[in-house]
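Asks: Grabbed the feature section from TrEMBL, which reads as follows:
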- 1-402: domain 'Major facilitator superfamily (MFS) profile' (DOMAIN)
- 421-445: region 'Disordered' (REGION)
- 1-25: signal peptide (SIGNAL)
- 55-75: transmembrane segment (TRANSMEM)
- 87-108: transmembrane segment (TRANSMEM)
- 120-143: transmembrane segment (TRANSMEM)
- 150-170: transmembrane segment (TRANSMEM)
- 209-232: transmembrane segment (TRANSMEM)
- 253-274: transmembrane segment (TRANSMEM)
- 280-303: transmembrane segment (TRANSMEM)
- 315-338: transmembrane segment (TRANSMEM)
- 378-398: transmembrane segment (TRANSMEM)
């Protein structure tokens, strides 16, 4: 399969996987609990869920993703990556995203043309906010017309041909910094029992990841960022509905439209900007810090002072543009600040931490806060404060970042990896080409 075709399949997968989050958060699907003599509707109405209990739905979805991503990263050492992604797409929501998150970006990082690596990553990650937005729009229309169950059933049917195409595709191996062992279904590179070896490999990966202060600070920054983003996605339409007295479907369509526009523009601009200023960890963190800080200021202004949707819309659009500007750069940081064989684990660790510390606890906590203060402006200002924490942590990562990274040149030409000559020229004298640990390469262009 050609790299461009694989990128297209990954983009379609991301659109459908992340549409679930938009669908479950839109008013027409998530609905409203019966109150004050008015009948409930949607998931919240059918199951009589309070706001904190409703927030647990988003937490449950993230829990499946959080656990499946590191599992897929470890399995990728023994099984073909595309088969793992295909298997994930046929599983339950949440768990389905894990293999995709852990393995799709490293494969694109390997296969993309070197001058366009950031752009290809941006094309992949632009499908995440687009999927959110499509979910809002799709859920709002289908949920109103056919009911919330039909929205999820249609999504599941659309995923079948994509999962089949990835399952039948020729295997594509991930690049690693040491000579990989042959895959073994029985699971081993040597002696010892399977579970003990798996645990030892996991602990070794954790230790290696902990050696990178840039990666650690980035993981914490992503946790705060994702906590805010998860609350905006889940409670944003509800907040806008009550603050600006909008019809539920109108709030869904407005939030969906703003998210898809700013998500596409912000993510693509972030990738293009990183290629333009020089694809390095330092420059990627500059874009992350600036984008999240700008998003924090604009969101806080919108929720605090806007009196009409006409005023709030542009402020929130600017905020989401800043937030999505960092989508490609932050994943570049995770890919380039660790050795190549750790890339799937770094991405899965990001998923684990940003959900465990971010959008798993934040929706129930924000629902509890809104239940106490009964003021969406105050509640969403608290949510915006998480972006300030994220920007500060990205700044810490920026200060820790040096002029070097593990970014390497590896191009796929006519089915074979080329340009290894440049890697050998950059390799320090006295280090064998088959060394188990590669030296960092200059990240600047």
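Residue 1 is the first one shown; counting continues down the chain.
Backbone N, Cα and C atoms are what each Cβ position is placed from, and that goes for glycine too.
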Asks: Do the transmembrane segment (120-143) and the transmembrane segment (315-338) share at least 3 Cβ pairs under 8 Å, sequence separation 6 or more?
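Replies: Result for the transmembrane segment (120-143) with the transmembrane segment (315-338) is yes.
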Asks: Between the transmembrane segment (280-303) and the stretches 55-75, 253-274, 315-338, work out which stretch tops the count of Cβ pairs under 8 Å.
Replies: 315-338
Asks: Any contact between the transmembrane segment (253-274) and the transmembrane segment (315-338)? By contact I mean 3+ C-beta pairs closer than 8 Å, pairs at least 6 apart along the chain.
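Replies: By the criterion, they touch.
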Asks: Given the transmembrane segment (378-398), which of the listed stretches 55-75, 150-170, 209-232, 315-338 has the most Cβ pairs that are under 8 Å apart from it?
Replies: 209-232
Asks: If you average pLDDT over the domain 'Major facilitator superfamily (MFS) profile' (1-402), what do you get?
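Replies: A mean pLDDT of 82 is what the predicted model shows over the domain 'Major facilitator superfamily (MFS) profile' (1-402).
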Asks: Looking at the transmembrane segment (209-232) and the transmembrane segment (150-170), are there 3+ C-beta pairs under 8 A, with each pair at least 6 apart in sequence?
Replies: no
Asks: Sequence-remote contacts (6 or more beyond its ends) of the transmembrane segment (55-75), Cβ cut-off under 8 Å?
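Replies: Hits for the transmembrane segment (55-75): 20-21, 24-25, 30, 43, 49, 84, 88, 91-99, 101-103, 198, 201-202, 205, 230, 234, 344-345, 347-349, 351-352, 355-356, 359-361, 363-367.
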